[in-house]
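Have a look at the structure below, then the notes.
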Amino acid sequence: MENKIEVNNKDEMNKWFEEFKKGNGLVDTFTNPYSFCESVPNLERFVFQMASATDDAQKDSIYASALVEATKFCAPIYECAWVSSTGIVKKGLEWFEKNAGTIKSWDESYIELKVEVPKIEQLANYQQAALKWRKDIGFRVNANTAALSHKVLAEYKVPGEIVMSVKEMLSDMIRRRNLILNRGGDENPRGPVSREHVEWCREFVKGKYIMAFNPPWGDINKSGRSGIALVATGLAKLAETEGKGVFDEAKKTVEALNGYLDKHKDEVDKASADNMITNLLKHIAKAQELYKNSSALRAQGAQIDTAFSSYYWLYKAGVTPETFPTVSQFLFELGKQPRGTKKMKKALLSTPMKWGKKLYELFADDSFQQNRIYMHPAVLTAGRISEMGVCFGTIPVANPDDAAQGSGHTKSILNLRTNTETNNPCAKTIVKLFEIQKTGFNIQDMDIVASEHLLHQSLVGKQSPFQNAYNVKGNATSANII
């Protein structure tokens, strides 16, 4: 077997794709870039099947079947071909050999990370490595393979018939987020943070230093129920949505305030002024500490960069450019028929290729007891095989034309359009998956609700599985659903 997508740069990619498009019925009616999707997937039958299911194994199987049906034909073909092309495969794998130091903090702790929640530094280092990998190998070929840095969507337009369902999903996402922010894993649980306090901090860091004289809660040193100064909790919360740059801005504001007080020293009580400056700097330092240990930052750092993690798993499994086509074929077949975890693991162990057993050995331990939203994004699980699938299994590289048969992998759903002209098929499909899950399971008992995670990805503005959203600013659950 050999990789038939012999491409090393964008010009060669464009040429390959034009040839491929001539012989295959690619369309872009319902998807962003071209795909094999000719109609919006109809998942209604899975709701009825789920309603009559009697055990969890049966329910899991039904949901897996619905996922394959939903995503079988909607992957972005151009981008999938690029991710699996000979040039990217070669550079993508070689990068890990040359950058052992870059991935050291989490790669050397892989065994521990299979069973334990990662340290904040291990998450931050993963995200830095992912961005470096993208830059070093020239991964970006268009906007659909870019590292995003915009703000989350302010508005998300959906058809009238699903508005209430999307709002229900958002409400559950907010409930989970509040549980995490107010309780889950912070070394200093700070309690809820008032929007009024955050807004005050937002204005303060813009340079409005006179506001320090009279904050809405009274004394600048006043603490909340947690015993932590309200300035500190407000700044930490602001940093979660605006980025850690707010701390530098806050320090500049304090410098400006100090300059003002010094300039008007004849009208200022020196002891009080010095005390205010000292305390403000102390509150900023506390805010930085809270931010560093925050569950929100942890959840942000745990976001998977689909392409980067998938290449890391190939590298760890000893896959080479020569054996890559066998992995591609395996994942293509995996996406044609839904398989439960047991069957998928058995398939990996049954392949004569060494990478099968090695991928199996990379799987997270079943004894991982924490909330799985915190699991390190470089740790492979049975569910995350789908991340590899969308990268390498959409197009079997030894026989690219076979892609027309369809191969379903979860993140392909992000390629469905979100515009109103097409009635937002992305949201409609995600909502139907949520309805299927809700019919079979108690949503509130689940650590991660897969359909809600997909909605979150859409709300942060992802329109492709291959975009990195680590630097997207803002809170996705604040979007106005209209």
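The first residue you see is number 1, and the count goes up from there.
Cβ coordinates come from backbone N, Cα and C, glycine included.
Residues or ranges marked as motif 'DEVD' in Swiss-Prot (evidence: similarity to another entry): 266-269. Counted with DSSP, the motif 'DEVD' (266-269) comes out as 2 helix, 0 strand, 2 coil.
The Cβ neighbour count for Phe213 (site 'Homooligomerization'), using a 10 Å radius over every protein chain in view, is 9. Look at Swiss-Prot and you will find Phe213 (among others) tagged as site 'Homooligomerization', backed by similarity to another entry.
Look at Swiss-Prot and you will find Glu267 (among others) tagged as site 'Homooligomerization'. Counting every protein chain shown, the Cβ of Glu267 (site 'Homooligomerization') has 7 other Cβ atoms within 10 Å.
For Val268 (site 'Homooligomerization'), applying a Cβ distance below 8 Å and a minimum sequence separation of six or more within one chain yields Leu261. The site 'Homooligomerization' annotation in Swiss-Prot covers Val268 (among others) and is backed by similarity to another entry.
According to Swiss-Prot, the site 'Homooligomerization' annotation covers Met276 (among others), on the basis of similarity to another entry. Neighbour count (other Cβ atoms within 10 Å of the Cβ, all protein chains): 20 for Met276 (site 'Homooligomerization').
Taken residue by residue with DSSP, Pro352 (site 'Homooligomerization') is part of neither helix nor strand, so it is coil. Per Swiss-Prot, site 'Homooligomerization' is recorded for Pro352 (among others).
Here the Cα atom of Glu267 (site 'Homooligomerization') is found 14 Å from that of Phe213 (site 'Homooligomerization'). For Pro352 (site 'Homooligomerization'), the number of other Cβ atoms no farther than 10 Å from its own Cβ, over all displayed protein chains, is 7.
Rounded to the nearest whole angstrom, the C-alpha distance between Phe213 (site 'Homooligomerization') and Met276 (site 'Homooligomerization') is 9. Counting in whole angstrom, Met276 (site 'Homooligomerization') lies 69 from Pro352 (site 'Homooligomerization') by their C-alpha atoms. Reduced to three states, the DSSP call for Met276 (site 'Homooligomerization') is helix.
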